[in-house]
Amino acid sequence: MSGRVGDLSPRQKEALAKFRENVQDVLPALPNPDDYFLLRWLRARSFDLQKSEAMLRKHVEFRKQKDIDNIISWQPPEVIQQYLSGGMCGYDLDGCPVWYDIIGPLDAKGLLFSASKQDLLRTKMRECELLLQECAHQTTKLGRKVETITIIYDCEGLGLKHLWKPAVEAYGEFLCMFEENYPETLKRLFVVKAPKLFPVAYNLIKPFLSEDTRKKIMVLGANWKEVLLKHISPDQVPVEYGGTMTDPDGNPKCKSKINYGGDIPRKYYVRDQVKQQYEHSVQISRGSSHQVEYEILFPGCVLRWQFMSDGADVGFGIFLKTKMGERQRAGEMTEVLPNQRYNSHLVPEDGTLTCSDPGIYVLRFDNTYSFIHAKKVNFTVEVLLPDKASEEKMKQLGAGTPK
């Protein structure tokens, strides 16, 4: 049995009745605690009454703390309204709202430099509530329960800039919030136009997703427009995505409904860095350098680094070793990222590199040009691995061609 209204086993019916009894003290604090609502929490915890109750009570506290009942009337800051990409547009064949997430033009670093993380998370909460409100409108309009949403995840233009650690961490916080407070609301998620980098990006966010959510993610290949139209009527899909819907002025992207983001002008910036915690600290003597080595076992892995120096600039470059088991000078190795000096004492430096070859990569902090000052450098380096399942899926689909 699916655990949904009208499809409950005797054990599930008994669990529902007991669950309602156990949480009756908090039901008045919830917008519409009908059987559909309660079953979402039970399904999310496999009908474990104790875990379901703990999850729901935590959600009630979340609603109080974040003032969720009034969040739709809250207006996000101007920079978020103008540049946070995505939007609700159309309905699938079952009448469920469709949400578009547009990744490529999203300026994640600009958003975190221009708005507080709390305002960004609050905006995502507001979007969740707007989608649930739309589900309620559809329920009234169609005369049958609508309680889930379809998401189209447009990954065209997904690049290394989107792997910036503070942005991934902020997105992870949102995913945790979604999993904990909006269980069983995702019907399916279509990933379209996924580039070769997608398996690495997906592997970064996968830990924040429940197993059930992961099963609802469908990575589509070159025929993605045809697949979408099997689930959504053409008149409910923008021309940009293979349908016939346009804005009243004929715009094929339906920009009145979907925000396509873009680079954020620096006039919006309220900070030029995001506070970081670094894993390592090293003192580099004058006229010296410091090397850290990372083994890359197969192509497609991504090196991600962040560093800051105290008091003065420092050189940085990446090299590939030509001899194993011994320290090599920069001139003896293959240069991968040219060495240059960075003002990381003023603004922390960060970057990513897709490793096209396996081998030992050396990240070299250079202070050889300084004859007077030693440098203290704080840094974090990570090797980001691709998700093998999605990588294989993309190979099968031939979906790894877009750059």
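Glycine is no exception: its Cβ is also placed from the backbone N, Cα and C atoms.
According to Swiss-Prot, the feature domain 'CRAL-TRIO' maps to 76-249, an assignment based on sequence analysis.
For 275-383, the entry in Swiss-Prot reads domain 'GOLD', with the evidence type sequence analysis.
All protein chains considered, the CB of Lys51 (N6-succinyllysine) has 14 other CB atoms within 10 Å. In the three-state DSSP classification, Lys51 (N6-succinyllysine) falls within a helix. Positions annotated as N6-succinyllysine by Swiss-Prot, on the basis of similarity to another entry: Lys51 (among others).
Lys253 (N6-succinyllysine) falls within neither a helix nor a strand when secondary structure is assigned with DSSP, and so counts as coil. Residues annotated as N6-succinyllysine in Swiss-Prot, with similarity to another entry given as evidence: Lys253 (among others).
Around Lys257 (N6-succinyllysine), the C-beta neighbours below 8 angstroms that are at least 6 residues distant in the chain are Gly87, Met88, Cys89, Asp247. Here Swiss-Prot flags Lys257 (among others) as N6-succinyllysine, drawing on similarity to another entry.
For Lys393 (among others), the entry in Swiss-Prot reads N6-succinyllysine, with the evidence type similarity to another entry. All protein chains considered, the CB of Lys393 (N6-succinyllysine) has 21 other CB atoms within 10 Å. Secondary structure at Lys393 (N6-succinyllysine), taken from DSSP and collapsed to helix, strand or coil, is helix.
All protein chains included, Lys253 (N6-succinyllysine) registers 17 other Cβ atoms within 10 Å of its own Cβ.
Cα separation, Lys51 (N6-succinyllysine) to Lys393 (N6-succinyllysine), rounded: 34 Å.
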